[in-house]
Amino acid sequence: MRKKVRRGAIKKICEQKGVENIIKTSSRVRKREQGHNMALFPFCKTPADLLYGRKAGVGVKSPHPIFHALGMDRGKVMTDMNVIKAAEPQTPLETPWGDPIVWGDNRKSAKRRAKFAHQGIRTGLLALVVGTYARFVHRFLSSAETHFLPGQMVTYYILTDNPNSLDPPIQLGPNRELKVVPIAELPGWNRLARRRMALLVEAIRNPIGREVDYIFCADIDQEFVAPVGEEILGDLVATLHPELYGMPRNAFPYETEEVSSACVDDDEGDYYYTSELYGGLVFEIHKLALACSLLILQDHDNGVTAKGLEESYLNRYLIDHRPTCVLSPEYSWWDSGLAPEVPVQRIVSLGRQRET
């Protein structure tokens, strides 16, 4: 009964905003990538230093809420969970609902790259650059120029409160462009986390929605260190959280407070996804961002803050709208005692690196 009441309240607020079809259960039949309409929709729509023999130790972000959620200190979690992870399969290729889990070098990924290689797809890569995060922007963009969808048409969208952070400009290759979208200053991590989904909605509406077919949202404090190709393309794409990959369901730090719109019941959830990278068709990401921003606003008005901030709402949405493409931890990795060994580290978070 509680679940019905909570979901009813979520649906009501979305209906009031004219998006009554956004919140749906995960049982609905999703459109598959094959034969999907790739036309634009009129909206009126973040490898590491350790790879080079050193560790970043930036220390930008706080420890993941899993340590608080489990009531354990970090060292105990690392010891206990590594025992669990040793027994887990390392490279599953499919989700329980039949969609791919992407590992970049396997045959299925090669087929996916071939499928999309010559379709003239336009893809956006969006990152938010505010305050001290400006120091990551050049490394992010220069590494993306080398490794992100090489040979494809890519537009970088940088949402920033300091356009001067892009000086000197990055030299871009053919069919690549950079667009700076000015935003108001957002002091404080909590305020930024509350606003990021709303900023994404606004950016998709203008200009992204009329310019690209796919959009990927990434944290700026990341580096591309190996090829990230067309295998990542899908209707709705999520990335497995590296520290939680292969762990039991009861280790996932979902929101558990019933007063929160991000609350997840004990019998829900297959994976825990990171907010470091997600994306898909522009239309799908507009729906995701709009739904999450409304739920964040609702909780804020009620004096509620989800423990995982926007990542909690992202996971709530992806339980109700299962992704059609799930990226393995190759696409979001950092130096941690909990992160798994992966065949190739493709995208590494510099901000989450373990200090030594």
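Yeah, the Cβs are placed from backbone N, Cα and C, and that goes for glycine too.
Those TrEMBL annotations? Automatic predictions, nothing curated.
Under a cutoff of 8 A between CB atoms, and with a sequence separation of 6+ in the same chain, the neighbours of Glu311 (active site, nucleophile) are Tyr273, Thr274, Ser275. If you look up TrEMBL, you'll see Glu311 marked as active site, nucleophile.
Here TrEMBL flags Tyr133, Asp219, Ile220, Asp221 as UDP-N-acetyl-alpha-D-galactosamine binding site.
What TrEMBL lists as Mn(2+) binding site is Asp219, Asp221.
Of all Cβ atoms in the shown protein chains, 24 besides its own fall within 10 Å of the Cβ of Ile220 (UDP-N-acetyl-alpha-D-galactosamine binding site). Other Cβ atoms within 10 Å of the Cβ of Tyr133 (UDP-N-acetyl-alpha-D-galactosamine binding site) number 22 in total over all chains.
Note on the binding-site residues Asp219, Asp221: the fewest other CB atoms within 10 A surround the CB of Asp219.
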